Amino acid sequence: MKIALFIRGAEATGSCDDVRLGRGRARSIRGHGILAVTSSAALCSRTPSLQTRTAEDRGSGEMEKQTSSGSESSGAPPIPRKPRSLGAAPVSRQESGDSLDSPTGSHVEWCKQLIAATISSQISGCAPPEVVNRECKIGWKVDHRVSKRPNLRDSSEELGYQCDSDSELPPHAVVFKDAQRVITLDEVPLVPGETIKTTAKDVMYICPFTGAVTGTLTVTDYKLYFISLERDPPFVLDVNLGAISRLETISVQSHGENTRGMEIVCKDMRSPRFAYKTEEQCKLEIVETLTKYAFPLSNDLPLFAFQYKEEYPVDGWKVYDPVAEYKRQGLPNESWTISKINSSYEVCDTYPALLVIPTSIKDDELKRVASFRAKHRIPVLSWIHPETQATIVRCSQPLVGPSDRRCKEDERYLQTIMDANAQSHKLTIFDARQSSVADTSKAKDGGYESENFYTHVELNFLDIPNIHVMRESLRKMKEVVYPTIDELRWHSAIDSTHWLEYIRLLLAGAVRIADKVESSKSSVVVHCSDGWDRTAQLTSLAMLMLDSYYRTLRGFQVLLEKEWISFGHKFASRVGYGDENHANSERSPLFVQFIDCVWQMMRQFPSAFEFNELLLITILDHLYSCLFGTFLYSSEQERMEKEVQSKTVSLWSYINSQPEDFTNPFYVDYENHVLYPLASLRHLELWVGYYVRWNPRMRPQVPVHQNLKELLFLRAELQKKVEELQREASSSRSISSSSEHASSPSHSGTPLHTTV
């Protein structure tokens, strides 16, 4: 089979074997995300649905589809041929045991069919998202095959725990899923350091999906825990107190009478409601206890993370070492240095202690630049291109004010950033704000860089709305997805929230930044107003597209620690943990928005990320839970003062102690490949697995998370089998070579002599 390839406009042809992918075998890919690769060993899978680019494709968009034997006519997903490891000799079907008659053949075939079926759903679209390889700009198109959307809840409504009817359990016992242990119903599962504060019986939970159920409500210093024996299996609902936004008193009609109750409005898109059958004193005690421990900072209490005493085999606080991360990027170098000028947080109290700045900038110049930038957030390096030395630099807005003030040191600083990149003589500034808002900010002593004063600078506005617009958008989204869904108005209701439109703006802006760095080889400066909200969204998304390391399980943790946590995203204000002032205008779901964008990229490129959807949902759940110290406070300085690392547990300790739960079985290491996701609304979807997970009618019958774990196990078994066969083949070739060597006339026992 021949396919047409492009190398920067030049046409070349080659066989399918010429476009294998793998570590060290760089190729450029243009596809809807899932490529014809099934393992890190790598390989070109010759599926009948493989599409190739013709010479006219780039200009006219025409596609020539390669098919074989009419295999697509049946509608069934094609079963790929068995891939070969790069550099390994072909292995026959008899040798590999790949027939159904062999001892392991049916197992292997079943696994391959399962994988093929899982990735068989095809998404329509004119243009696929793009994967670009730096080492050779060659491209082809393949069908967009994505796995079914993972949804991590059980089919039973809102259960955190469930009974296992197949096992022998003591009377009134329930299986605690997360810890895989059995507890009796008179127990409340507690994490280390958690204590029960109050319990009320005959409390009615008003389920919006299956009706009211009566049970026992327990409030601890970490969670609300409700259990009812009226259903089989027992119904269990738990809510982390940190996820509670506010408590509201409601009136509920029960048996023809009005009963007082409460609605718990949560930050995670649900609002469970309870009514009481007991005396007024019990109601008051429940509400007071909930208020006290759901909002500890408002009641002079510590956050629960400081009481959590779990011990993990992995220390998550060691995940991010700034010096090691900058060294991975090739820093310091002759143009950039790792500076300790902010070691005591005097230059900028919301920046980390270590900053990467231009080598030629002196300390006094840097301080004058800091006085000209909002919140003293000077331009500092976030990422450097491994080949071109083009950089992504982040900062806050310049304080030009209504009189268009200038700062010679700031102008020279940006000129130095441009000069550090010999590949380009232009610096591109991306202002995340709408241009009208940037103009208005001048009246408040803010503003933006004038192209008249900053030479060789190109200014772009990305038109992303502010935190208040995003907060209102998510509020509207919650009204659409919880508690009930209007089937007739589903799409129009989602559109009216504008949530996906804002996701589109973020992804489109990040793609522009990544493309400017990768294709134009230009250094970029990114800022919004203060440089800790939209700036973090854009830089981290662009880095995720440009650097495959950040698409690994550990690399993604490093990205969050670096761009969000150490560089001062205001988690305390934006999340509002421990604070009962739910109307605080500083709250905004910017981090949720970023994680949503990551999920959109994962959906378009299902094999490019080492982690799965469960990781994203776990991160968001513990953004609110206050169980771990990872997202507490708003700056590195605050965390140092509160001794967060020594007194709390890192979320990464929990995740890295069980990485198999968060691993994507379809992952292929596309090293040196750049991802360009499609930012069109046609290619974006509502993240049902997160926003609508509390609705049992929106969940798959089979938990996908369990399927992923099984596939990981099967992949490991198959990989082990492949390695065994490769060793056998290598051994056979060695024996054969030895036999030929022994029988060769030129290698007799008598040495040859040359007479001089």
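Glycine too: its Cβ is placed from the backbone N, Cα and C atoms.
A TrEMBL annotation is a machine prediction, not a hand-curated record.
Record features, source TrEMBL:
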- C528: active site, phosphocysteine intermediate (ACT_SITE)
- N466, I467, C528, S529, D530, G531, W532, D533, R534: substrate binding site (BINDING)
- 54-65: compositional bias 'Basic and acidic residues' (COMPBIAS)
- 93-104: compositional bias 'Polar residues' (COMPBIAS)
- 728-748: compositional bias 'Low complexity' (COMPBIAS)
- 316-691: domain 'Myotubularin phosphatase' (DOMAIN)
- 46-104: region 'Disordered' (REGION)
- 727-756: region 'Disordered' (REGION)
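This view paints the features noted in TrEMBL onto the structure.
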residue: N466; record: substrate binding site; DSSP class: coil
residue: C528; record: active site, phosphocysteine intermediate; DSSP class: coil
residue: R534; record: substrate binding site; DSSP class: helix
Cβ-centroid neighbours of substrate site N466, I467, C528, S529, D530, G531, W532, D533, R534, 8 Å, sequence order: A432, T535
Largest CA-to-CA spread of substrate binders N466, I467, C528, S529, D530, G531, W532, D533, R534, angstrom: 13
N466 (substrate binding site) and C528 (active site, phosphocysteine intermediate), Cα-Cα, nearest whole angstrom: 9
PLDDT averaged over the residues of the domain 'Myotubularin phosphatase' (316-691): 97
Same-chain residues at least 6 apart in sequence whose Cβ lies under 8 Å from R534 (substrate binding site): A432, R433, L462, I464, L506, C528, L590
Local Cβ density at the residue listed as 'active site, phosphocysteine intermediate' - other Cβ atoms counted within 10 Å: 27
For W532 (substrate binding site), nearby residues of its own chain (Cβ under 8 Å, 6 or more apart in sequence): T350, K375, R377, S396, F567, G568, H569, K570
Cβ neighbour count within 10 Å of N466 (substrate binding site): 16
